[in-house]
Structure formats: structure tokens, C-alpha cells
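Heads up, the thing below is written out as C-alpha cells.
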Amino acid sequence: MVPRISAAIFIFELLGSNSEGVTDLRLWLCQPAPRCGEWTYNPLEQCCDDGVILDLNQTRLCGSSCTFWPCFQHCCLESLGSQNQTVVRFKVPGMKPDCKSSPITRICAQEYHPKSPVSRSDLI
């Protein structure tokens with residue numbers, strides 16, 4: 001009987017604890033934890049990107065020199081004639097990433113891909 005009471009008091013004290021570094025466990029007990037595939041994650045520190053759990057501050061390259069945050073943005077390759085450009089677009093919460101309709105964050109780089117070799121006289 002004494003171990004049950006001790007365990008109940010311990011859990012009550014743990015839930016009522018206001019010590020730093022301890023998150024409010026009552027919030028986690030009342031709400032289902034978000035899932036990424038079969039894994040749960042902490043949305044205050046992580047996100048689920050295409051079935052992979054990432055840290056919120058993780059970055060990736062878009063093109064050769066432009067960084068973006070995959071938790072909040074996605075990288076798109078767009079072509080205009082013979083030029084390709086990488087564009088970072090916002091991810092719209094609750095919607096699947098779409099390179100055509102998502103708002104543009106920034107245009108990263110343009111790369112020229114000529115259909116035929118360019119001679120020096122073409123540039124002058």
C-alpha cells in the first residue's frame with residue numbers, strides 16, 4: 001500500500017513541478033503527439049519533411065549556393081527557355097509543397113544552358 005501512495009505522490013509532484021528544463025507534461029498528456037510515419041516527434045524542436053524527422057534549424061542547399069530551411073521552405077527548379085533557376089518557396093502549412101502555387105521566398109541562381117556552344121564573338 002505504501003509503494004502505491006509513494007508512486008502517486010511522485011507522479012503528482014512531477015506533474016506539478018515548475019523546475020526549469022522540465023516541460024509541462026499536462027499538455028503532452030492531453031494531446032496526441034504528432035507523428036512522422038511511425039515515429040513521434042516534438043514540434044517545438046523538430047518537423048516532419050517527406051517522412052523524415054528534421055531539426056527546425058537544419059538547412060540544405062538549393063542549387064549550388066543558396067541555403068534554405070526544409071521545415072519551412074522547399075527548393076524548386078524552374079526553367080525559362082534556356083535558363084534554369086533555383087527558387088526557394090514557402091511551405092504552406094497543411095498543404096503539400098507545390099512549386100507552382102507556393103509563394104516565392106527568393107530566387108537563388110540562374111544557370112545558362114545554351115542549346116549550341118557559344119563562341120567568343122557571340123558574347124561581344
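Every residue gets a Cβ built from N, Cα and C, even glycine.
Per Swiss-Prot, the feature signal peptide maps to 1-19.
Asn57 (N-linked glycosylation site) falls outside any helix or strand according to DSSP and counts as coil. Asn57 (N-linked glycosylation site) has a Cβ environment of 8 other Cβ atoms inside 10 Å. Annotation source Swiss-Prot lists N-linked glycosylation site at Asn57 (among others), citing sequence analysis.
Summarising the annotation, Swiss-Prot assigns N-linked glycosylation site to Asn84 (among others) and lists sequence analysis as the type of evidence.
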Distance, Asn57 (N-linked glycosylation site) to Asn84 (N-linked glycosylation site) (CA atoms, angstrom): 28
